[in-house]
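As given in Swiss-Prot:
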TRANSMEM  8-28  transmembrane segment
TRANSMEM  81-101  transmembrane segment
TRANSMEM  113-133  transmembrane segment
TRANSMEM  136-156  transmembrane segment
TRANSMEM  176-196  transmembrane segment
TRANSMEM  204-224  transmembrane segment
TRANSMEM  255-275  transmembrane segment
TRANSMEM  289-309  transmembrane segment
TRANSMEM  313-333  transmembrane segment
TRANSMEM  351-371  transmembrane segment
TRANSMEM  384-404  transmembrane segment
TRANSMEM  412-432  transmembrane segment
Amino acid sequence: MKYTRYALLFSLFYALYYLIPLELRALWQPDEVRYAEISREMLVNGNWVVPHFLDLRYFEKPIAGYWINNIGQWLFGSNNFAVRIGSVFSITLSALLVYWLALRLWQQRSTALLSAVVFLTCLLVYGVGSYAVLDPMVTLWLVAAMCSFWLAAQSASRLQKVSGWLLLGLACGMGLMTKGFLALAVPVVAIVPWMIWQRRFKELLLFGPLALVSAALITAPWAISIARQEPDFWHYFFWVEHIQRFAQSDAQHKAPFWYYLPMLLAGALPWVGLLPGALQRAWRERSENSGSLYLLCWTVMPLLFFSLAKGKLPTYILPCFAPLAILLAHHGIKIAGTGSKALKANALINVAFGVIAALAVILVLAPWGLVHHPLYAKSEISKVLLGASAFLFWAAVGLACLVAGAKHWRLAALCPLGLALLAGAVIPDKVIDSKQPQSFISAVDNTLKHSRFVLANEVGLASTLAWELKRSDIQLFDRHGELEYGLSYPDAKGRFINLNDFSRWLSEHRREGSVSLVMKLSDDDQYIDERIPVPDQKYHRGRLVLWYYSQQP
């Protein structure tokens, strides 16, 4: 009976966090609409080998993450829920693996369940895990690699050991096909230090080749197939997407070495008060409990590895939160009955965070705020109140944990619930018009659907148009963006129209049908009306503008 009650409560908890909100939030550009459109095109054209984006070659990522997204759209259709369910599915399987590993380590269901809950409610995990990007998928394979190696390392028989190493290779191979060679590097930097500390390096040399073989076997069919269809894929993917992005001085997303420290602290909310003690406990237990050191290696070593890279994004450290969640849960349970101040500190941090964030919404972002250009307009008072309420709910849960003391410290898992349910309803119109063009496109849907040609000046905007209109022939106007490589192929000629050539291009193509030009305006575009032909219709909302040119004989 008790188990049934817990199962029902967990199901409700999971649905409120990870299922109900998915359809309630508009898709964000460029990331979510990009992956939505790539998978839509794969389902339409049936090519599950070569990624295409707006009918152009798109070699920034391998294929396996798209496969998971494809299945989501195949099962649930073309909607926001279907776009995001691949990420949710991946992060859910990761949580189940976290449960499995914690159970193997501590032999306690309560610790294992709490580890999964901590993982699912860490702010970074929830934010990325309910967002349509590929990081949840690669996290799944890295967590699977972490569990597979532990299975091999603790096996009682040679068969189990061999199976564990083979599973490790399969997980790494799938990670490689999801996000690239980092899926091979991360397990190495996490496992090798632990093996050296345990004086088992010889075992690594003996069984490691099994993992390499299984990784090669699972990746070979696709790797060979795409090399045959697109001979330049591996050159571009390895040198441009890996070497330039992570090592060269002009890498994308450059950030200082310490960049991930604040990301880790913010991402560990609402459990960050337990973080110092959890890491310290893992180090203190390193001799008598090799599992604690193993989790510590999987937390710290990838973090250092990503910190050394030139290019950095918060999503890169998502895999670190799986072992960290187990350490946090283990530490929390250990100190719950000892009168430790860490649980009180964690509750106070949540109260402070919720109150400060609510005050920031009311005093800074609101139309009466202290800044000269508030984020919310005067017509969005309800959004201000909802946003503040979401953070005040966070603070209220923190206060409840503080009052209840060590007995109910696990209630911190409810802190992000207000944000989870209300996030889609509190996005300011300024942000919607810039980053969520779906509502703008819906307003001009009839015009766009009857246009023979549709042009967009940003890749993110173009992908949203393609997704909403269910057509992949959107033309790029004036800016290549991330599709510069795909546009360089001879068969992509005519897919890009330069601003200086637009008048001539328009006069030629209006004979074939009407033309819609959709732009997201920047400061450089303030005089755009003077540089393009006068339209037959114009629709302007926020930073988004539609110019419509009817067909001419």
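Residue 1 is the first one shown; counting continues down the chain.
Note: Cβ is positioned from N, Cα and C throughout, glycine not excepted.
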Looking at the stretches 176-196, 313-333, 384-404, 412-432, which one shares the most CB pairs under 8 Å with the transmembrane segment (113-133)?
313-333
Sequence-distant contacts of the transmembrane segment (313-333), meaning Cβ under 8 Å and at least 6 residues beyond its ends, amount to 94, 97-98, 101-102, 105-106, 108, 110-111, 114-119, 122, 124-125, 128, 133, 135-136, 138-139, 142-143, 146, 186, 253, 260, 263-264, 267-268, 271, 274-275, 277-279, 281-282, 292, 294-296, 298-299, 302-303, 306, 342-343, 409-410
As a test: from 81-101, 136-156, 176-196, 384-404, pick the stretch that has the greatest number of Cβ pairs under 8 Å with the transmembrane segment (412-432).
384-404
Intrachain residues whose Cβ lies under 8 Å of the transmembrane segment (176-196), provided they are six or more past its termini:
61-65, 134-135, 137-138, 141-142, 145-146, 149, 168, 203-204, 215, 218-219, 222, 237-238, 241-242, 246, 290, 293-294, 297-298, 301-302, 304-305, 319
Considering only Cβ pairs under 8 Å, which range in 255-275, 289-309, 351-371 makes the most contacts with the transmembrane segment (136-156)?
289-309
